[in-house]
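Accompanying notes for the structure given below.
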């Protein structure tokens, strides 16, 4: 993994004609809602921590005018190459870095940017990654059991985890990240199967998980039995929750007053992390409820702009069924000493802790 500008990454510069066409036709999820949340302004500096195929970034560039700039990050060199092509009309005002979004500060520092006016992350696996069998994210087409978003980084492929982890580790991963009630049966089935030879392909793993499920579960389930296992392994391989936590730890310090943060998630675990973090950062107190008087001295740093997560409209779902699980949450950075919106007093909270009008985000 490198924090260098993408021009130093040769893999990103070499993309297929089919990939370039996919980038041109790509319509990003919740596009109108993201633009409303970020409210890009002319001349602003913005961060897209997961540029992907560049759809959100292109829409941002259209709104920030000739003096605006955008910093684009992605850990997938293929995606970066496609994004460079899509965003080429804006030339040097778009800056590309091959890095994890959690490491965004190194990119901003290289650009000499202290703060930005808005930041967006759209986390999880992309449609392009799912559809490329050789990436190993999906069981719909057979391919190597890889699942790495950055194949040039230091992450180990999913095959290593599947073939080396103990039954307890596998069970914990599938239960924690996949929330699969059959986690124990699946973990044991994987360990038993690999005793006969390594598990190297997505089809092999999907078949093992399918057999581990009771017949009545397979008959009544709306999804393939391997769906949650594949999700869990992908999240573990790419440290997806850890990346999100580290990003949220630092991003508010790099937002200008009035700057906006928008986060799109596709999994309840991710959404829960974002929800709770924005809720805490919008409060003047984060002491435990057992404390009768505020002792933490915490000051509200954001206004939460989305009381509930924003989801796709029926019209968008008709165009893109993969948007069905997308959730957008957004917040606006408060200036030092700026009071948040009027807040409702919570009589059960310690003195000094209130809730936003309309309830906690």
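Backbone N, Cα and C define each Cβ position, glycine as well.
Because the structure is a prediction, the values reported are computed rather than measured.
Which of 274-317, 318-361 counts as region 'Disordered' depends on Swiss-Prot, and there it is 318-361. The S-adenosyl-L-methionine site recorded in Swiss-Prot includes 54, 55, 56, 74, 101, 129, and the single candidate from 67, 122 that the record places there is 122.
Among the record's S-adenosyl-L-methionine binders, 54, 55, 56, 74, 101, 122, 129, no two C-alpha atoms are more than 17 Å apart, and one pair sits at exactly that spread. Taking the binding-site residues 74, 122 in turn and counting surrounding C-beta atoms within 10 angstroms, the largest count is reached at 74. Secondary structure at residue 74 (S-adenosyl-L-methionine binding site), taken from DSSP and collapsed to helix, strand or coil, is strand. In this view, the densest Cβ surroundings among the binding-site residues 54, 55 belong to 54, judged by other Cβ atoms lying within 10 Å. Neighbour density for residue 56 (S-adenosyl-L-methionine binding site): within 10 A of its CB lie 27 other CB atoms from the protein chains shown. Ranked by how many other Cβ atoms sit within 10 Å of their Cβ, the binding-site residues 101, 129 place 129 at the bottom. DSSP assigns residue 56 (S-adenosyl-L-methionine binding site) to a helix.
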